[in-house]
Amino acid sequence: MAGTSKGEHRVGLLNGFAAYGMWGLVPLFWPLLKPAGAVEILAHRMVWSLAFVAVALLFVRRWAWAGELLRQPRRLALVAVAAAVITVNWGVYIWAVNSGHVVEASLGYFINPLVTIAMGVLILKERLRPVQWAAVATGFAAVVVLTVGYGHPPWISLCLAFSFATYGLVKKKVALGGVESLAAETAIQFVPALAYLLWLVAHGDSSFVDDGTGHAALLASTGVVTALPLVCFGAAAIRVPLSTLGLLQYLAPVFQFLLGIVYFHESMPLERWAGFALVWVALFLLTGDALRSARRGARALAAQTATSGVSGASGAAEHPEVRHGEHPEEPPNEHPQDAAAVPAAAGEVREAQPEAG
């Protein structure tokens with residue numbers, strides 16, 4: 001059993017590395033789709049993502065969720081909101097990468113956890129611990145420093161961070177799995193995306209038609225590039241703790257940041273280094289606090305489990321008349337950990353979300 005558990009954990013880690021690795025290296029892919037513009041690439045991504053996940057869901061015969069969703073107008077409306085928000089996120093990210101702003105795009109995913117926490121305070125009225133307040137304040141200071149450095153607010157980073165944080169907030173309300181959620185959202189995006197692509201063909205502006213089979217195949221592969229990391233993420237999420245996924249999520253912006261500097265040779269003046277350094281300090285504070293909180297929760301759970309076990313043993317000692325094969329009216333819980341619950345404070349290890357780029 002222990003060997004199986006370790007094996008499952010190893011598989012989960014490999015899938016987690018694969019998912020965030022692919023999201024981190026995706027800036028290498030979008031430039032390959034030129035001369036297609038960002039909007040055309042975005043439309044192809046919507047259309048081919050739906051085609052890919054539809055085939056996958058058809059293969060595993062997992063369609064029951066779709067009927068349930070169609071019978072719930074409120075959830076369907078939330079899916080439409082999620083589709084609109086992720087459209088903005090995808091579009092800005094593709095444009096940013098293909099316009100030479102990979103480093104600024106990576107910043108958006110570095111500050112995303114901080115924006116998510118800030119939205120939790122403003123919208124959900126969550127209460128933060130002092131360390132979390134310090135992290136948010138440090139992140140705000142980083143944005144100020146970067147605004148001075150750029151000469152304007154880092155709007156690409158802010159747009160990516162706020163759109164993805166909003167997407168995560170809406171997805172929590174919808175409660176759909178990653179692949180199912182992608183299928184529902186791209187189904188909503190499909191009609192306008194296909195209409196735009198047909199409009200390009202009608203006006204002779206479609207790179208899919210005009211630039212050869214290889215280019216068309218690359219555009220079609222946007223579906224695989226979008227869906228495959230989600231599949232790996234789903235395989236990781238059921239095998240490793242959310243705290244581990246929370247650490248792995250930083251792989252993607254780290255890879256993007258390094259690609260921006262080393263591969264795309266984007267400039268990094270001193271003030272940008274200072275801004276990024278402040279962001280990393282904020283994330284260090286946030287991650288350390290989350291890990292300490294997770295350890296406290298684990299210790300509290302272990303203490304509750306031990307207490308329940310002692311109570312069960314004491315109850316058995318107080319009633320020696322209960323012999324093997326007989327059942328007292330209220331038997332002790334054989335699995336006290338199933339009943340034990342440790343409430344999570346606001347801002348602790350949150351539901352890990354996949355990157356959107």
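Backbone N, Cα and C define each Cβ position, glycine as well.
Just so you know, TrEMBL annotations never went through curation; they're auto-generated.
The following features are taken from TrEMBL:
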TRANSMEM  12-33  transmembrane segment
DOMAIN    12-147  domain 'EamA'
TRANSMEM  45-64  transmembrane segment
TRANSMEM  76-95  transmembrane segment
TRANSMEM  107-124  transmembrane segment
TRANSMEM  131-148  transmembrane segment
TRANSMEM  154-170  transmembrane segment
DOMAIN    158-287  domain 'EamA'
TRANSMEM  182-202  transmembrane segment
TRANSMEM  214-238  transmembrane segment
TRANSMEM  245-264  transmembrane segment
TRANSMEM  270-291  transmembrane segment
REGION    309-357  region 'Disordered'
COMPBIAS  318-337  compositional bias 'Basic and acidic residues'
COMPBIAS  348-357  compositional bias 'Basic and acidic residues'
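For the domain 'EamA' (158-287), the model gives a mean pLDDT of 91. Break the domain 'EamA' (158-287) down by DSSP state and the numbers are 109 helix, 0 strand, 21 coil. Contact count against the transmembrane segment (214-238) (Cβ pairs under 8 Å) is highest for 245-264, out of 154-170, 245-264, 270-291. As a quick check, the transmembrane segment (245-264) and the transmembrane segment (270-291) clear the bar of 3 or more Cβ pairs under 8 A, pairs 6 or more apart, so the two touch. DSSP states for the domain 'EamA' (12-147), grouped as helix (H, G, I), strand (E, B) and coil, give 115 helix, 0 strand, 21 coil.
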